[in-house]
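S.K.: Below is one structure. I have some questions about it.
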Amino acid sequence: MNWGVFEGLLSGVNKYSTAFGRIWLSLVFIFRLLVYVVAAERVWSDDHKDFDCNTRQPGCTNVCFDHFFPVSHIRLWALQLILVTCPSLLVIMHVAYREAKAQRHHAASGDNCRCIYPNPGKKRGGLWWTYLLSLIFKAGVDVVFLYIFYRFYRNYTLPRLVKCELPPCPNVVDCFISRPTEKTIFTLFMVVTTCICVMLSLVEAAYLIGKR
C-alpha cells in the first residue's frame, strides 16, 4: 500500500470534516484499518488450513468449512472498510468539482466576475446534502455488516467445536476451529468499534441538521 497517497486522502477528508468526522476518521484509521492490517489479517490466515475434522473422508472438511464459514470473516471486514470509507471520498470529489467549476467560471468571465463559490469546502447547498448522505450511508453500511456478522457468527463468537453431518461426511463428525478465542476477541473488538462509528456518524448528522 502506498501510505503517502493514503495519507493525502486522509488529509483531504480531514480538511472538510467536522470535529465529529475527524474523530470518526481517526477511529477508523487507528482502531479498524491498522488493526486489520497489522494483526487481524494474520489471525485469520490459517482459518481453512487448521480447520480439522475427525474424519479422513475426502471432501468432508471442505464442505463443513464452507457450511460454517460461507464467507471469509477477514474478507467481509475488508469489504466493510472499503464501503464505509468511500462516501468520504465522494465529499472530496464534490469539493474538487466545485473548485474546478469556479476556475472555469473565473477563466470565462475574467477577474471582475462574481465568485460562485467563495469557499468551495463550505457545507452549503449540494455539498451539505452530499455530506449528510455520506454520513447516513456510512452508518447504514456498518449496521448492515453488523447484521451479516451476527448471522454468520451467532453472538459474534466462534465455538471451539462444531458438529457437521453434511454429505460426503459418513456420519456426524466433530470439527475444530483454529484459535477460536483469539478470533472471538478480534470479532468483538470489531463490533465495538463499529458501534462507536455508527454512533459518531449519527451524532454528526444530527449536528449538521441542527446547525443548519
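Cβ from N, Cα, C; glycine included.
Unlike curated entries, TrEMBL annotations are predicted automatically.
Quick paste of what TrEMBL says about this protein:
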| type | residues | note |
| --- | --- | --- |
| TRANSMEM | 20-39 | transmembrane segment |
| DOMAIN | 42-75 | domain 'Connexin N-terminal' |
| TRANSMEM | 76-97 | transmembrane segment |
| TRANSMEM | 128-150 | transmembrane segment |
| DOMAIN | 141-208 | domain 'Connexin cysteine-rich' |
| TRANSMEM | 185-209 | transmembrane segment |
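Context for these features, please: burial, neighbours, distances.
M.R.: Below 8 angstroms of C-beta separation, residues 1, 10, 13-14, 74, 77-78, 81, 84-85, 88, 138, 186, 189-190, 193-194, 196-197, 200-201, 203-204, 207 of the same chain, each at least six residues beyond the ends of the transmembrane segment (20-39), sit close to that stretch.
Across the domain 'Connexin N-terminal' (42-75), DSSP helix (H, G, I), strand (E, B) and coil residues number 14 helix, 2 strand, 18 coil.
Same-chain residues lying 6 or more positions outside the transmembrane segment (128-150) and placing a CB less than 8 Å from one of its CB atoms are 16, 24, 73, 76, 79-80, 83-84, 87-88, 90-91, 94, 156, 187, 190-191, 194-195, 197-198, 201-202, 204-205, 208-209, 212.
Look at the domain 'Connexin cysteine-rich' (141-208): DSSP puts its residues at 44 helix, 8 strand, 16 coil.
Sequence-distant neighbours of the transmembrane segment (185-209) (same chain, 6+ residues past either end, Cβ-Cβ under 8 Å): 18, 20-21, 23-24, 27-28, 31-32, 35, 39-40, 43, 73, 77, 80, 84, 123, 128, 131-132, 135-136, 138-139, 142-143, 145-146, 149, 153, 156-158.
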S.K.: What mean pLDDT does the predicted model reach across the domain 'Connexin N-terminal' (42-75)?
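M.R.: When the pLDDT values over the domain 'Connexin N-terminal' (42-75) are averaged, the result is 82.
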